[in-house]
Amino acid sequence: MPEAAIEFDKVKKSYGEKTVVDGLSFHVAPGECFGLLGPNGAGKTTTLRMLLGIAAPDAGTIRLCGEPIPRRARVARARVGVVPQFDNLDPDFTVRENLLVFGRYFGMSAAQCRAMVPPLLEFARLESKADARVSELSGGMKRRLTLARALVNDPDVLIMDEPTTGLDPQARHLIWERLRSLLARGKTILLTTHFMEEAERLCHRLCVIEEGRKIAEGAPSALIASEIGCDVIEIFGPDPVALRDELAPLVERTEISGETLFCYVIDAQPVHARLKQRADLRYLHRPANLEDVFLRLTGREMQD
């Protein structure tokens with residue numbers, strides 16, 4: 001593998017008058033899990049399309065597995081596995097047949113395809129479903145099959161768009177466990193996700209983008225420390241604006257989202273004492289997390 005598995009350098013992309021990606025730069029090291037986070041319309045999908053050579057950038061440089069994109073996208077994609085946001089499995093085939101057919105797309109012989117199926121079924125924990133139709137699988141099983149299919153060519157890099165969207169918590173945790181096993185084997189993962197817990201658990205580093213521009217980058221723990229840096233008390237009740245004014249002298253800063261007041265505190269005791277006098281309020285005291293960072297950077301009303 002080259003020094004960087006993925007390189008984006010000052011990449012721009014517009015559609016008509018709308019700039020979708022605006023000078024975006026990031027790199028992903030071999031063996032790293034790197035997350036792209038951003039609200040809907042931030043440019044994440046366009047970024048992935050350019051990385052795979054499906055869309056050409058208007059400016060900037062892209063390299064995937066050391067290959068210039070889009071000029072040598074076909075060569076690079078031979079070393080890449082892709083997990084799309086929505087499962088595109090063939091419903092007319094069994095679990096085993098979906099893997100066999102996909103292997104032939106990479107020029108593998110019939111014998112090679114047959115040999116790679118058992119370990120992939122074991123990886124996806126689908127051994128007992130090898131001859132089941134796709135329509136017979138649960139959502140979590142379909143997602144694990146899609147992940148196994150992306151590994152048919154033993155790729156160096158996995159590109160995953162919202163890998164656990166629509167899954168229940170148990171299925172989501174199983175996917176996370178499988179992804180951690182891939183990282184332990186030295187695979188490189190680039191993923192987009194709306195689940196902040198997913199990003200915090202899996203990603204070594206993150207890039208937060210909004211309107212096609214990078215607004216923050218770093219390790220999850222470092223971003224939490226730099227952007228939040230203290231505990232959070234969520235308060236649920238009537239008139240959050242009046243409550244904000246009441247508590248302002250006791251907290252570092254506040255944010256309002258709907259009917260919820262977020263108080264950022266270094267010393268929580270004075271706030272707790274005040275809240276205990278208010279039977280009409282419910283509250284939760286917790287450590288800051290990546291969701292606080294994401295919402296602060298991309299869209300919640302901030303009050304200093």
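Cβ coordinates come from backbone N, Cα and C, glycine included.
As given in Swiss-Prot:
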- 6-236: domain 'ABC transporter' (DOMAIN)
- Gly38, Pro39, Asn40, Gly41, Ala42, Gly43, Lys44, Thr45: ATP binding site (BINDING)
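Listed binding-site residues: Pro39, Gly41, Gly43. The one with the lowest count of other Cβ atoms within 10 Å of its Cβ is Gly41. Around the Cβ of Asn40 (ATP binding site), a 10 Å sphere holds 7 further Cβ atoms from the protein chains shown. In sequence order, Ile209, Glu210 are the residues of the same chain, not among Gly38, Pro39, Asn40, Gly41, Ala42, Gly43, Lys44, Thr45, whose CB sits within 8 A of the CB centroid for the ATP site. The least crowded of the binding-site residues Gly38, Ala42, Lys44, Thr45, judged by other CB atoms within 10 A of its own CB, is Thr45.
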